Each structure stands twice: as C-alpha cells, then as structure tokens.
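I have placed the structure first, in the form of structure tokens, so that the comments after it can refer back to it.
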Ligand SMILES: Nc1ncnc2c1ncn2[C@@H]1O[C@H](COP(=O)(O)OP(=O)(O)OP(=O)(O)O)[C@@H](O)[C@H]1O
C-alpha cells in the first residue's frame, strides 16, 4: 500500500469502505473513512486492501485491475452493475450479477449476431461470448466442451443457461425445427421441476446437464438432457411461503372445465400437498380476472395473486400445452401426464385411522373412499390393491416350515401416512424421469461428432431446517469445487512450474478433507449411513454416535450436545433429519473458491473449458455494498 493513497477497509454492513490509513499498529491499522472525516476505526491489517486510483472507473476484465483483491473486484463489479453491465470477466471466467429486470437489447437478435465468431475480449463481456468461445474451441480442438454455471439459488444460473442454448441453436443451428424444440423443452421441464421458493419464484429444484450435439460440419443435430437430484420432499410438504411444483397450480388454474372434471380438480387449498404452503397463483391483473373464483384458494381470494413478470399460472399452462405439441406430445400423452399429476394430489388427501383392534393396525377413513377411487382411477390402479398397499407392509418369512410365505403386516397410522407420502414422491419423481425422457426423444440424433454441455445445478444451500437433500446438494458442490481446484488452480500451477515461470505459489482452501468425511470407504458419513440402514433397528442416536466416534474433533464437523437433540423420531426414514440438525458440516464457501480463483487469474493461461461463475453470496455482499 502506498502512502497518502485511499484503501478499502472492512465495513460491518457494507462489505468495504474507502478510507485513509492514519496510524499503523502492531496488527491493526487505524482508518479514517473518506466520507466521515475525523471518525476513525481499527481494521485488521490482512483485511485492508489498496484501492484503484479512480474507484469510479471500471474494467471489462478483473484481471486488468491494477490491484487485484476482494475489495477492488467487488467495487469493479458494483460500478459496472450500476451501469447495467452485469457481466464481468476474470480471464475466461464470466461473472454475472442478476439484474432482476430486462436490460433492453442485451440478449436480442442483434446481440446474438454480433458475438458470432468473436474472440473473448473483443466485445463487452457476455454470456454469448462464452458460448461462442466454447463453440470455437470445440470446432478447432475437435473436443467436446463444457460450461459450468454455478451460484446460489436465484443468482441467474437457469436464465443464463437458457441464453447459452438459445445462442448456440440460433447461431449454429441447422435452421430446422430441432433448434426450436431444444428451446421449447424448457417450459415443460420448468413446469414439472421448478417451484416458488423464498429466494426465487422460479427455482429449479433439480440439476441438469444439457448437451447440444453437433455433426461433423459443426451444425446442431440434437440435444440430450441428464437430470439430477429432483427435490422430492417438496412434493408432500413446503414451508409457508413456498409452493409445490408449478404444474400443480398451473393445472388447477388453467385446465379447461372438461379437464378439471376428468381430473377431479379443485382449488389448491383442497389438497393436502398444496395447502400447507402458499396456495396463491401467479397472475397479472388481467389474468387473475380470468381465473374462476371457485379455483382460487381462500388465501388467494383474500390477499390476491402472486406477482412476477415472468410467471403466470394460467397463461403458462396454455404455453406449456403449446410447447408440448411443438415437441411432439400428442393429446393422449398430454392427458396421461396430467392424470398422474392429479393422481398425486388426490393420493395426498387419503387419511387413515386406528382400527382399535388388538392387531394395532390402521384402516383408511370412510371419508377417503371417494378420494381413493379418484386416485386409483387417475393412476390406473386397482382400488383395493392401492388400499392394501397403503395400510400394510409385506414380509417374507425367512425360516421355519413356511419359508418364503408372504405375510401382510398392518401399518400404524403414522406408518401408513409415511407409506402414502413415499408413494407420492416416487410416482412424481418417476413422472419427472418420464418427462425428461420424453423431452430427449424430441430432439434425437443419429450421429454426433461433439457436444457442448451446460451444467446447471443447485449451488450450496443452508436453510434453517436442512434435510438429506441439502446434504446431497452440498456434497455435490464440494465435488464441483474440487474439480475447480484441481482443474484451474492445481494444474495451472503445475504447468507454471514445469515451464519454469517464476510465479508465486497461490494458496487455496483444499476441500479434500470435507469430501473424505462424506465419501471415504467405511468411515465416511455415507458408508456409516448404509451400515446403519442394515441394522435390525437403526436409530438416529446410534448413527450420530457412530459418526461422532469415527470423526472426533474433525474440523468440518460441529456436534450439538446430545441433550439438545431432537431424538423424538421413531421411524428410520426420518432419522436423517434429526441427524442433520445434530451434525452440521462446515462447507467450503463459494467465496473462498472465488478468492482463490481471483488470486491466480491475473496470470492464468486459458483452460480448454469455458466456465461461468455466478455467485449469489457474492451478489448479496455486493448488494450491501451498493446500498
Ligand atoms: N440476465 C437476467 N436478466 C433479467 N432477469 C434475470 C436474469 N437472470 C436472472 N433473472 C431473474 O432472476 C430470476 C432467478 O433466476 P434463475 O431462475 O436463473 O436463478 P437460478 O440461479 O437458476 O436459481 P435456482 O438455483 O433457484 O434455480 C429469474 O426468474 C429472472 O426473473
């Protein structure tokens, strides 16, 4: 840091603030903020950074900053964001800050045309430039390329993924309807796999890897979508402000009277799987008027519709039907999909009660008879089979004279409720698998030379109540981060060394220990979990104890005192929930990763793969900084 020059010093709420160093202590600096003359504060030396000469100037690429540190980088992105330049490079990584409104002409046909064949850096940073670079690399190197889109919920991953797909199909498509089909598949996937959460009205609750395939002339010939980790818990339960998957509401709001009758539909608050969350529809002032009062929940009638410029349940239902037709689904297939969706809703309304007999089992409540009938009819099941499957479990005798005999053991009410919910989750997730499979059949290809893949998966998640799903998502993100570490930091540094470049070693947080904790053979959490699963009487307590014993004092593991533990759950299926509230894994943060990346990218060579990094935590920090 140079004398008499402003510095960035930490600010408790704003991230960083500009100030002058007025005194240097043993470990701390005394800072006088530029906008509060006479007021000073102490800041740790390691958290004070030199500022650029002109803090209002911005650069397209963070690597062009004179001083590369967390504060200059944040400031550069902030200044750009305020001018609607939402994209910034870090070499060939792209940072995107979600503008939450349509920036005029940013993605239009002229913009698409202008990025075609242009090297990175010749035009302002853009997601189209990354897509074009991937295409050119694929063409020149004859190697398939991948674009990783990473960031927290609501950061804009899915929107940017869609821009990449649109760019590639528009610019390098064959001009046939296959290009349109690839783009049209999105509304269908989003209807079944997206939901309103507290952070994002259109949150993808599944991860996907979309491949755009090219022939030997490098023209688009087809696509393929692989999907991961659909959030199943949402099918049966959502928090107050969240909703189930869009399709449920779209069907209730948009189905014709005839379809509504066929599917025995009603307003969302009549279904258990919808009524515990938010039951309002997304609608504009006009479309709200078109939805019949009888289809609206009491909450919707009282408070009004949910508002989002991109979402409208009734209109989206009609758009989805058009998209289904465009990608080749006929009316029968369409109706079959809707029948399963409605069947799941009716399944959730089935109730049980104790029989009062000595067997201790339960029966279906009389009032559920009609619901059972609808559900069985919609799902194509025999009513009695469904009733028996929900109220009993099958046991095979393994010893004695009657070895292999099937015995039906009656379930208690709570067990039957669990069986019902498990069936609903399985049916819906199989339906989602089917939707993806059907979408894939819509853009088939005979041969393909190479592909460009776009990975769009949920970023790190940490809620007040975390379930097994958060555990899996975070584990996946740790693996992704390790890939970054290996691919970008470690390999690049090895290359520098090999080539004798005198570049200082860049230290980064290695998360191998975190990954080992989860996946190591025998002692990893997943193996311990499998082991617990095999016990005749698995329990939360025993599992938690096993993890604690095997990983005493592990840096990544926080163990709550046992007396505090919610060991009330009697059934095995739920033990993970209590386990997760007992042990919290300290995950490596995306910000750590970014700092690692930014630390080295001033010197880095271009890697083969293009990478987009979108960080929401980073955006939150920025937001504070901006206010
Ligand atoms: N480039 C953009 N321009 C305008 N609005 C945007 C842009 N990117 C995102 N948005 C807005 O932000 C919302 C959230 O974006 P998106 O669904 O892509 O986030 P995400 O990172 O995929 O979140 P999740 O992980 O929850 O699926 C979008 O519905 C849209 O309203």
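The first residue you see is number 1, and the count goes up from there.
Just so it is clear, glycine is given a Cβ too, placed from its N, Cα and C backbone atoms.
Quick caveat, the model's predicted, so the values are computed rather than measured.
Taking H, G and I as helix, E and B as strand and the rest as coil, DSSP gives the domain 'Myosin N-terminal SH3-like' (2-53) the counts 3 helix, 27 strand, 22 coil. As annotated by TrEMBL, domain 'Myosin N-terminal SH3-like' applies to 2-53.
Residues or ranges marked as domain 'Myosin motor' by TrEMBL: 57-627.
In the three-state DSSP scheme, residue 153 (ATP binding site) falls into the coil class. Here TrEMBL flags 151, 152, 153, 154, 155, 156, 157, 158 as ATP binding site.
The transmembrane segment annotation in TrEMBL covers 564-585 (among others).
Taken from TrEMBL, the feature transmembrane segment applies to 597-626 (among others).
For ligand 1, the binding-site residues lying close by, meaning a CB under 6 A from one of its atoms, are 155, 156, 158; the full candidate list was 152, 155, 156, 158. All chains included, 28 other C-beta atoms sit within 10 angstroms of the C-beta of residue 157 (ATP binding site). Summarising model confidence by region, the domain 'Myosin motor' (57-627) averages a pLDDT of 85.
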